[in-house]
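A short worksheet on the structure shown next.
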Amino acid sequence: MGFVLSWRWLCLIAPFVLSLLTCGESAMMSSDSSKGFDENYVVTWGGYHVMNLNGGSEVKLSMDQSSGAGFSSRYSYDSGFFHMKIKLPNKNSAGIVTAYYLSSTGNNHDEVDFEFLGNKEGKLITLQTNIYMNGQGGREQRLNLWFDPTADFHDYKFLWNPYHLVFWVDETPIRVLKNLTRQGAEFPSQPMKIVASLWNGDSWATDGGLTKTDWSQAPFTAQFQGFDVAGCVASTGNSCASPSHWWNGAQYQALKPNQSTAYETVKKNYITYDYCADRARYPTQPPECVLGE
């Protein structure tokens, strides 16, 4: 009963959020789903737990006690509008983490994350976002989605350009980090690859690690689609900050008024944790919080 009531409550205002975006904007952010996995991506670990489906237009990652799996883009990028359509594990997925993120390499790396934290069947799955800059993370936000992410594919996106970093769920912005480096804040600046993985995070992911993975439910599976990449490949001699790249153009340099309204609705109604508001953890707020993440 708690699950039904929770989803009913979430759905009450979801149509309002989604209706704020016009069909034209939705079309601009749609992508060519005809690209096959092998054109832009490569399996990086857990190869026996990766299944290529529908001629490479879909990949299924599976996980059991022996291994999870992951893949990454062939190239690193310096800017772009990246996306991945994902359908999450639909069983009792407590302890299981499905991740989609951008990451550079090295100890002082940059990284921006979507992490879906599994839960017992019938309970809400938490979406956690995080940002690492110069090797420092701890910038988590958590929210409840306004739909069941295990029932169908949804499009999760990063818009990363010289002006801001925007996390999107379908056509709704859920997090914005402005580039305020001139005011003393940090901003992701290192070339990053696109990465996806399915792994066991039961030491922390569900109920703070109290609820463990139920291996009798294995294998757990997550499905991925949308392997086209709209990004500027690093070290190609091109200026990845150039407005000639469409994702750096004027219409992508700030949220439009209706997008800003949708974003404020998400912050008001769906965010369950924001590191900027955690004064016990951060008595002195990080610069990006003070300046206005």
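The backbone N, Cα and C atoms fix where each Cβ goes, glycine too.
Listed features, source TrEMBL:
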{"type": "ACT_SITE", "residues": "GLU111", "note": "active site, nucleophile"}
{"type": "ACT_SITE", "residues": "GLU115", "note": "active site, proton donor"}
{"type": "DOMAIN", "residues": "5-224", "note": "domain 'GH16'"}
{"type": "SIGNAL", "residues": "1-19", "note": "signal peptide"}
Check each residue in the chain of the residue listed as 'active site, proton donor' that is at least six apart in sequence and keep those whose C-beta is under 8 Å from its C-beta; list them in sequence order. VAL97, THR98, ALA99, TYR101, LEU127, GLN128, THR129, ASN130
Which number gives the other C-beta atoms within 10 angstroms of the C-beta of the residue listed as 'active site, nucleophile', all protein chains shown included? 18
